[in-house]
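Working notes, beginning with the structure itself.
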């Protein structure tokens, strides 16, 4: 969509106006893909927003719109926030990438932060967390906990971020349990409790006694609880209401420090385009409490694994590793580079099935 | 005691008044809901209905109303013809998706060639895709007497799987770093359904929606086929005597609604959306059913209803971000609109009477 000079000039005029009116208040907008009560992904982003409010108090005003479909609707919501005088806008889903870039072009004075994407611009940064580090710990526990040796995995979309998670979980489950097998179901949604519950049920019926999920709702946890003897992990958020069983641990995204730092940068005028990819070490990825349902020695090993990653001593993708087709990927002791990880579109050796494409 | 008494004739006055009464009732009860949520109801209702039209940034929102309303109107017009004849196409969402896939596919097949004829081909391909998808339930109904409601609805989910498949494979952007989704048609000039006047929101889909309204009006009021459609819905037996061929009518109504839904998808994917992606469809095909009924299955009514729905969407988003209203409250608000419409619709066919309770 092209815009008139009318809109641009109005936007610039507005930029000047808000600059004059709201000098003391920085306005930060958040665009969410799910409802803030999803208990997972969006819930954690909203916690980050609340942390920004708490940290800066009167100096900041935050606004948000939830359940925004990825596409033209997202573009309109972002434009609306920018028109309303937002100084900084966090767009928190992969599918907001092109809309973010489009809107950012029209509002050069507004800073944009896009989660999990790869397109940057002078006023667009991207940020993501190294969720795969959490997946390593998860895989370690899952491999130990499974008795049927079948681990079910609810994938959202077959994009690199999700495939990385599957690979990392598989590698570490396989390490402790060579007989382990992964069954992967693609839900093609980030948040759809009904679909997620269906996927979990299907996996349980196929014999999976551990369910890993890359979707945002707690529906798989509920499905596992109903089944009775199925282990799950909190995704994106702690999901502790399902602890100590079926939820035995979780991967928690902690966006608060990043959001506070970026808001501060806008206030100080030091904001610059960045490509942030933080993990356990920086605290963007946290491991939720490992419950007593996990044997003590497994818990200990899992915590040691986490500590090794936090200290930078261990990388989840360390050779020797082969690709699914049997070709060599990483040699003994070699560590995957970020470029390969960012665009990962292959399974590692041992995983069955094809990545949909 | 209150009793309902069937009117001998549906009340004309009520059939026009119902939508307005429903909107007013929605405002009142919506206001109560917002008040319970601790928001100023007048401010909230004002934000939803006033801000997009006359607010400070109306210059941006008014064009957006066209962008949001056009696909709704275009799909609803097609659906209304079938609904009038008692032919229930519930799968417009699937036809919308197929239109987008066919339209975008036809355009991308020419990439990177720039030529004037690409866009018209895409339009035809989009309409064809939607038509084809609607022909499946139409054919099965005519040939085997299957239920078109179920078949068309189920095909939505098939279409969603096709959408996922082409986003990940056939139409995937080769320069997209392995991420799903097609090339952005907005940056391919020959295939871009750009705004006709920059900043107006007026793209080819809006124009087509307006033309569809006019044609539907003429068809229903001035054309034999339109008469047959109305007759079949109102008096199926009479229609039989009038020589209406039911099979032909089914094929026509489903085919046309499918083609219009396909067009809507094609204009959306080549314009406001730009990319074929897994999440391309956002429910226009289902919302259009509400729009069709809200507009009383009348072309002009649908035009107004499409505008009203677009208004609640856009106004609802503004209310969310400015007033912190939860998205669910906005959805309840939209649901109220349909609920009250159906509730007050009762008054078109029935009258309420106070009846004396009789001694047993």
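Positions of Cβ are set from backbone N, Cα and C atoms, glycine also.
TrEMBL assigns the feature transmembrane segment to one of the listed ranges (B:94-111, B:184-201), namely B:94-111. Check TrEMBL against the ranges B:225-243, B:301-319 and you find transmembrane segment recorded for B:301-319. For the transmembrane segment (B:249-267), the list of distant contacts is 70-71, 74-75, 77-79, 81-82, 85, 87, 89, 92-93, 95-104, 122-123, 125-135, 137-139, 141-142, 148, 152, 193, 203-205, 208-209, 212, 225, 228-229, 232, 281, 284-285, 288: same-chain residues at least six beyond its ends, Cβ to Cβ under 8 Å. Stretch with the largest number of CB pairs closer than 8 A to the transmembrane segment (B:325-347), among B:69-87, B:117-140, B:301-319: B:301-319. Cβ atoms under 8 Å from those of the transmembrane segment (B:273-294) belong to residues 19, 71-73, 75-77, 79-80, 83, 90-97, 100-101, 104-105, 156, 160, 163-164, 166-168, 171, 173, 180-187, 261, 264-265, 301-302, 305-306, 308-309, 337-338, 341-342 of the same chain, restricted to positions at least 6 beyond its ends.
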